[in-house]
Amino acid sequence: MDLPPQLSFALYVAAFALGFPLNVLAIRGARAHARRRLTPSLVYALNLGCSDLLLTVSLPLKAVEALASGAWPLPASLCPVFGVAHFAPLYAGGGFLAALSAGRYLGAAFPLGYQAFRRPCYSWGVCAAIWALVLCHLGLVFVLEAPGGWLDHSNTSLGINTPVNGSPVCLEAWDPASAGPARFSLSLLLFFLPLAITAFCYVGCLRALAHSGLTHRRKLRAAWVAGGALLTLLLCVGPYNASNVASFLNPNLGGSWRKLGLITGAWSVVLNPLVTGYLGRGPGLKTVCAARTQGSTSQK
C-alpha cells in the first residue's frame, strides 16, 4: 500500500529540516577535533558527514516529486545529476560506517598491531576507494541500463520514462526486467557487503568489551555505541535494499516497499550524525583499546 503523497512529502521535509543542521554541526565538530588531532575515525566521520549533507540537499526535490505522485518537476537533463546526488551518498554512507566499524574493531581486538597502520592517510585512501567504487558502479548502471541508456532502446533522456499518464518520471519507472538485476547488483555490493562487515566488527567489539575491565555502566554505554552504526544500516537503508532484493526475485513486488524504503533511507541523514557524534565523544571503545594496550605492555 502506497503512502499518501502528503505524508511522503512531510517525511522528506522533516528529514531535511532535521538532517541539514545536524550534519552541518557534525562536520564542524569533526573539523574542530581534526585541527587538534586527526584520527582515522574523524576522517570517516568527515566523509560520512559530507555524504549525508549531499543526500540532505537532494531531499527537497524528492519531497516535491513525492507530492506530484512521482512526476519529475525539472528538465529531463537534470535527472542523472539528481540520481547521482541522491543515490551515491545513500550507498557511500554504508561504506563509511563499515570502515569506521572495522577501525574500531581492530583497535579493540588488536590494539598493538593496529597502531602500526593507524594513519589518517590510509583512511583517506579507503574513503577515496569507497567513493570511486560507488560512483563507478552507479555510473555504469545508469549509463548502461537506466531508461535512455546504451542497453535501452527507447529515445528518452537518460533516466527518464514517460508512463501512460504522460508525466515524466526520473529513475522510478524502469522496465522491471532490467531494473531488478541492476538494483540488486548495487545492493549486493554496496549495502550487504558493508552490512556484513559492520555486523562482524561490532560483534568483535562486544566480545572485547566483555573481557574488559570497564564498569557495568560504561560497558552498556559502549555497547550502545557499538550497535549504533549497525542499527542505522538496518533501520534506515535496509528496507530500501530489501525492496531491491524483492523486485529482483519477483518483478511484481517491491514497488510500494521501494517508496517506503527511499523515505527510511532519507532519515539516515538524521541518525548518522547522532551515531558518529556519539562515537566521537564516547570513551568506551577508546578505553578498551587503552586498557588492552596497557595490559599487553605490562605482560611484556
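Any Cβ shown, glycine's included, is placed from N, Cα and C.
The DSSP breakdown of the topological domain 'Extracellular' (1-8), given as helix, strand and coil counts, is 4 helix, 0 strand, 4 coil. Residues annotated as topological domain 'Extracellular' in Swiss-Prot, with similarity to another entry given as evidence: 1-8 (among others).
Away from its own ends, the transmembrane segment (9-31) comes close to residues 3, 42, 45-46, 49-50, 52-53, 55-57, 59-60, 62-64, 66-67, 263, 266-267, 269-270, 272-274, 276-277, 280 of its chain (Cβ-Cβ under 8 Å, at least six residues beyond either end). Taken from Swiss-Prot, the feature transmembrane segment applies to 9-31 (among others).
When DSSP labels each residue, the topological domain 'Cytoplasmic' (32-41) comes out as 7 helix, 0 strand, 3 coil, counted as helix, strand and coil in that order. Residues or ranges marked as topological domain 'Cytoplasmic' in Swiss-Prot: 32-41 (among others).
As annotated by Swiss-Prot, transmembrane segment applies to 42-64 (among others).
Swiss-Prot lists 65-79 (among others) with the feature topological domain 'Extracellular', giving similarity to another entry as the kind of evidence.
In the three-state DSSP reading, CYS79 (disulfide bond) counts as helix. A sphere of 10 angstroms centred on the C-beta of CYS79 (disulfide bond) encloses 24 other C-beta atoms. For CYS79-CYS170, the entry in Swiss-Prot reads disulfide bond.
Here Swiss-Prot flags 80-101 (among others) as transmembrane segment.
What Swiss-Prot records for 102-121 (among others) is topological domain 'Cytoplasmic'. Across the topological domain 'Cytoplasmic' (102-121), the DSSP tally of helix, strand and coil residues reads 15 helix, 0 strand, 5 coil.
Residues 40, 43-44, 47, 80, 83-84, 87-88, 91-92, 95-96, 99, 103, 149, 158-159, 182-183, 185-186, 189-190 of the same chain, all 6+ positions outside the transmembrane segment (122-142), place their C-beta atoms under 8 angstroms from a C-beta of that stretch. The transmembrane segment annotation in Swiss-Prot covers 122-142 (among others), and the record cites similarity to another entry as its basis.
The topological domain 'Extracellular' annotation in Swiss-Prot covers 143-178 (among others).
Sequence annotations record features per position, and here Swiss-Prot assigns N-linked glycosylation site to ASN155 based on sequence analysis.
Annotation comment: Swiss-Prot describes 179-200 (among others) as transmembrane segment.
According to Swiss-Prot, the topological domain 'Cytoplasmic' annotation covers 201-223 (among others), on the basis of similarity to another entry.
Annotation comment: Swiss-Prot describes 224-248 (among others) as transmembrane segment.
Taken from Swiss-Prot, the feature topological domain 'Extracellular' covers 249-256 (among others). Non-local neighbours of the topological domain 'Extracellular' (249-256) in the same chain are 1-2, 176-177, 179-180, 243; each lies 6+ residues outside the stretch with a CB under 8 Å from one of its CB atoms.
According to Swiss-Prot, the feature transmembrane segment maps to 257-279 (among others), an assignment based on similarity to another entry.
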Cβ neighbour count within 10 Å of CYS170 (disulfide bond): 27
DSSP helix/strand/coil residue counts for the topological domain 'Extracellular' (249-256): 3 helix, 0 strand, 5 coil
Candidates 179-200, 224-248, 257-279; stretch with most C-beta pairs under 8 Å toward the transmembrane segment (42-64): 257-279
